[in-house]
Amino acid sequence: MAPSLSPIRSHHVAVIGAGAAGLVAARELRREGHSVVVFERQKQVGGTWIYTDHIEPDPLSVDPTRSVVHSSVYGSLRTNLPRECMGYRDFPFVIRSDVSESRDPRRFPSHGEVLAYLQDFAKEFAIEEMIRFDTAVVKVAPAAEEGSGKWRIESTEKEKKVLRDEIYDAVVVCNGHYIEPRHAEIPGISSWPGKEMHSHNYRIPEPFRDQVVVLIGNSASADDISRDIARVAKEVHVACRSNAADTYIERPGYSNLWMHSMIESVHEDGSVVFQNGKTISVDVIMHCTGYKYHFPFLETNGNVTVDDNRVGPLYKDVFSPAFAPWLSFVGIPWKVVPFPMFELQSKWIAGVLSGRIPLPSKEDMMMEIKTLYSTLDAQGIAKRYTHQMGISQFEYNSWLASQCGCSETEEWRKEMYFATGVKKRAHPETYRDEWDDHHLVSQAYQDFSLYT
């Protein structure tokens, strides 16, 4: 569908969050001519990439009254995609000649380098002038009394503690999904005497010195943290429900790190029994089981819900048909190259709001969503995987690009993504520091020369 030639309309738009999604959303909205206010509860840009030593007092992060820490970054974290692949399309993630030499030049850099990149992006495009820092959004709800499509936002500034009530034409939700942890269900856990925690509260390995630790999960964090802890722990065991029931493998290169099938049960004597029949005495169980989508501020009278981590109904993972185009989300899909996708989603939202890009009718959007849900059900795919994309992300990106009238994802970026996945599976210990895709890097830098 080609962009229409309708007159451009400007709207007053609120963006919730100043992480990687919120920053590019703000830029694209302003480029399209909209008036933008970004709400950010922290004192700087960067969202989930802001590292802090602080952890929550509740190691499982289940206490609703807890003081929430808005970062899940651990000290040793490095990207699992190369920087060339990660960056926004017109602001390459390259070593910049005009910044400090203390920056991390590696292709798979630290979390600090990603944060610095986002700060550079915000500075380059003067985004901070649109941001209200230290401001928490406590309520987003339709403001029917103000006219169709209007939204009421209530927010509080950290120091003032005064509720601010404002009306906006549209809201773009960019608050991320790495704050509210998911947990595995473990038979017998209520009487197990050891320590339970979620990886949200992991920072450094030292607290686990000489301990026996079980991690649950097969995510990038489980992989990274298990190897991190193995440097100091007595034993590390990784349990994963996707592993065959008889799985028991010593991790190559380690004498104290094993892969298992899922936990079968835990007991009062401190033991953990795996589906493979192995029983060990354990000090700590760490849930590396991901996060829930969480929008505690959003009131939609049931029109947008989170059901087993399916956010919906959403058209193309972005627009709520009930409120389109006045309520949208950036950054819902996972297992993707995030920043370039955020950029395309933001361009689409900005163009739709201005009237330049048409949306289908509410009925047609709902029909497509119902068809998607039926297809997933027929394939036996659980609701919690609704937003997992993987290989399908590039078809999705192509569709977004066609709506926006911009170029599709570069071939080198696609190839780099797939090559990195192959390398990671074959060489999980070394893929970040040994690579053979120099021809793709060369192609990337040819493209980057247009912007740097």
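Heads up, the Cβ atoms here are built off N, Cα and C, so glycines get one too.
Lifted from Swiss-Prot, the feature list:
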{"type": "BINDING", "residues": "Gly17, Ala18, Gly19, Ala20, Ala21, Gly22", "note": "FAD binding site"}
{"type": "BINDING", "residues": "Gly217, Asn218, Ser219, Ala220, Ser221, Ala222", "note": "NADP(+) binding site"}
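Sequence features annotated in Swiss-Prot and their locations in the structure.
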residue : record               : DSSP (3 states)
Ala18   : FAD binding site     : coil
Gly217  : NADP(+) binding site : coil
Ala222  : NADP(+) binding site : helix
Return the count of C-beta atoms lying within 10 angstroms of the C-beta of Asn218 (NADP(+) binding site), excluding that atom itself.
17
Going by a 10 angstroms cut-off between Cβ atoms, which of the binding-site residues Ala20, Ala21, Ala220 has the sparsest surroundings?
Ala220
Taking the mean position of the Cβ atoms of Gly217, Asn218, Ser219, Ala220, Ser221, Ala222 as the NADP(+) site, which residues outside that list, in the same chain, have a Cβ no more than 8 Å away, listed in sequence order?
Ser199, Leu215, Asp223, Asp224, Ile225, Cys288, Gly290
Going by Cα-Cα distance, pick out whichever of the binding-site residues Gly17, Ala20, Gly22 is nearest to Gly217 (NADP(+) binding site).
Ala20
Which one is it: of the binding-site residues Gly17, Gly19, Gly22, Gly217, which Cβ has the fewest other Cβ atoms within 10 Å in this structure?
Gly217
Radius 10 Å, atoms counted are CB only; among the binding-site residues Ala18, Ala222, which position scores highest?
Ala18
Which has the fewest other Cβ atoms within 10 Å: Ser219, Ser221, the binding-site residues listed?
Ser219
Other residues near the FAD site, CB within 8 A of the CB centroid of Gly17, Ala18, Gly19, Ala20, Ala21, Gly22?
Val15, Leu23, Val24, Ala25, Glu40, Val45, Gly47, Cys174, Asn175, Gly176, Val330, Gly331
Measuring Cα to Cα, how far is Gly22 (FAD binding site) from Ala222 (NADP(+) binding site) in Å?
27
Pairwise CA distance, Ala222 (NADP(+) binding site) versus Gly17 (FAD binding site), rounded so that it is a whole Å:
27
Alpha-carbon spacing, Ala20 (FAD binding site) to Asn218 (NADP(+) binding site), which is rounded to whole Å:
25
Rounded distance in angstrom between the Cα atoms of Ala220 (NADP(+) binding site) and Gly19 (FAD binding site):
20
Please identify, among the binding-site residues Asn218, Ser219, Ser221, the one with the smallest Cα-Cα distance to Gly19 (FAD binding site).
Ser221
